[in-house]
Amino acid sequence: MALTDLSAKVVLVDIEGTTTSITFVHDVLFPYAKANAGQYLSETWETDDTKQIVEELTQLPQYTEYASTLETRPEINAAHIADFSRYLIEKDLKVTPLKTLQGHIWAKGYASGELKGHVYEDVAVAFQAWSDAGLRIAVYSSGSVAAQKLIFQHSIAGDLLPLLSAHFDTNVGHKQQTESYTRIAESLGVEPQHVLFLTDVPEEASAARDAGMQTVLLARPGNAPLTAEHTSAFPVVANFVALQSLKQP
């Protein structure tokens, strides 16, 4: 199908490598959380939210592994939990309590103005064009819904949150499983064929297509290179410009 033939009621977008540079997450957000975990935990140690996060972190099997590497029995305090959170980040373990902690740290950073969410220049323009055409825009990312909203609310292009109608994270299912996209379509109240999913990951595009969605791959700077098999299986665009004239069916 040619790009000019595409139509949709909902545009479902991935974040990393699609609306936002992969380097923003790995080079800005993750280091910020690592650098500020100790201070955040110290300041909020007595709050119910932080107590819950600490309890969930210390119940992880990875915590048992981590504690066994220490020379002495650890005291559960802010510094120790901050060290454990850095251990998880360095191992790229995206466990739920860590994502919750990171989300709280990022929220503080966004609120103070230290952090601004990266979006590509064409994203805000396309979002506005799709919204003006009556299309809904939804987000599906492995990052928590709270973290998603922060990126778009505090973006370098301004507050894009009013243009977004729904957010999905791994609570709906993993991104390479077809059932996740079926659930998303049901939640949106549309047939899967009326959803256009934009992602940089071929395995996600394949899962969405198997659910009946239309899919387009993004070849943004810094993204993993696409193989000939991928480029023959899916339409590929360098940015959202070619999709700005998308209309409803």
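Using the three backbone atoms N, Cα and C, a Cβ is placed for every residue, glycine included.
Owing to the predicted nature of the structure, the values given are computational and were not obtained by experimental measurement.
Every protein chain shown contributes to the tally, and the Cβ of Asp14 (Mg(2+) binding site) ends up with 22 other Cβ atoms within 10 Å. Per Swiss-Prot, the feature Mg(2+) binding site maps to Asp14, Glu16, Asp200.
Sequence-distant neighbours of Lys175 (substrate binding site) (same chain, six or more apart, CB under 8 Å from its CB) are Asp14, Tyr140, Ser142, Val201, Glu204, Ala207, listed in sequence order. Marked as substrate binding site by Swiss-Prot: Ser141, Ser142, Lys175.
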Alpha-carbon distance [Ser141 (substrate binding site); Asp200 (Mg(2+) binding site)] in Å: 12
Distance from Glu16 (Mg(2+) binding site) back to Ser141 (substrate binding site), taken between C-alpha atoms, in Å: 8
Additional residues surrounding Mg(2+), by Cβ distance to the Asp14, Glu16, Asp200 centre under 8 Å: Ile15, Gly17, Thr18, Thr19, Thr20, Ile22, Ser141, Thr199, Val201, Glu204, Leu218, Asn223
Set of same-chain residues at least 6 away whose C-beta sits under 8 angstroms from Glu16 (Mg(2+) binding site): Ile22, Val25, Ser141, Ser142, Gly143, Asp200
